[in-house]
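What TrEMBL says about this one:
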type	residues	note
REPEAT	35-67	repeat 'ANK'
REPEAT	68-100	repeat 'ANK'
REPEAT	100-132	repeat 'ANK'
REPEAT	133-165	repeat 'ANK'
REPEAT	166-198	repeat 'ANK'
REPEAT	202-231	repeat 'ANK'
REPEAT	232-264	repeat 'ANK'
Amino acid sequence: MNNKKDIFNAISSGKIDRVKKYLESGLNVNEGDEKGYTLLHWAAQEGYIQLAELLVEKGADISKRDKDGFFPLEIACTNGQLGIVQLLIDNGCDLSLDRCNYTPLHAAAATGGYKIAELLIEKGLDVNKHDYGGYTPIHWATQERHLDLIKLLFKAGGDLERKDENGATPLYIAASEGYIEIVEYLISHDIQIDPMDDYCCTPLTIASCYNHLDVIRLLLENKANIESLDDEGKTPLYHAVALGNMEVVKLLINNGANINVEDMEGKNIRDVIPRKNRHKILSLLSSR
């Protein structure tokens, strides 16, 4: 790209007049930098609507990808640029474009772009499409803690119980992250409380591993199976003991967890107590 430094200085600061001069002097509106990023990619990223309008008017390819497969609509969605999204749609952007099945709606859900997601749903994007890792938009909204997006997607027909490529449901993800308000919302919709991932771990198991006490309490209140076994025969209590999560151990035992369970190798929880917590946990177990 000719005068590359000057050109990108102009576009990064939104200086339309300078960009106009470059275009009038023969700059190819679709030419990209070393990564294939065009002027429209930059305008979409930064939210320069007037500049984007100029580029589209001059014939910019609104569906052009950079070398990593990113296209202007996805970039605008990722960066929360509603005005750019609307501009691209109004100018006939191909809404079926994706990057390894990651759609603009996935991007909006992941970044909390509520208004953008509303618009894309209105335009018919699939609320249940799986991306390269098996994530639906609801998975992404859950992972990034956007409860308002989860509600929007569910209202539009999103499935609250879809599994990703590892068997994780939105509830499993929320439990693993300790997102209590999302866990509460999800279980209020009569979903399975003990969905297992590909390793037979349940939301209660993963919450016990990561020491999320509030989530554990809520799951137990909603009849989560305290004795669920993963693919190695380990219960939530077994994991909590092995990781030295003292408060979780107390909570599970107080809710009736079996302290004599053995895994598939014949080890019981006393065999896996970490040295630093050994005395405290043994005292707790012996009192039962």
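Placed from the backbone N, Cα and C atoms, the Cβ positions cover glycine too.
All TrEMBL annotations are machine predictions without curation.
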Tally of DSSP helical, extended and coil residues in the repeat 'ANK' (133-165): 16 helix, 0 strand, 17 coil
Secondary structure content, the repeat 'ANK' (68-100) (per DSSP, counts of residues): 16 helix, 1 strand, 16 coil
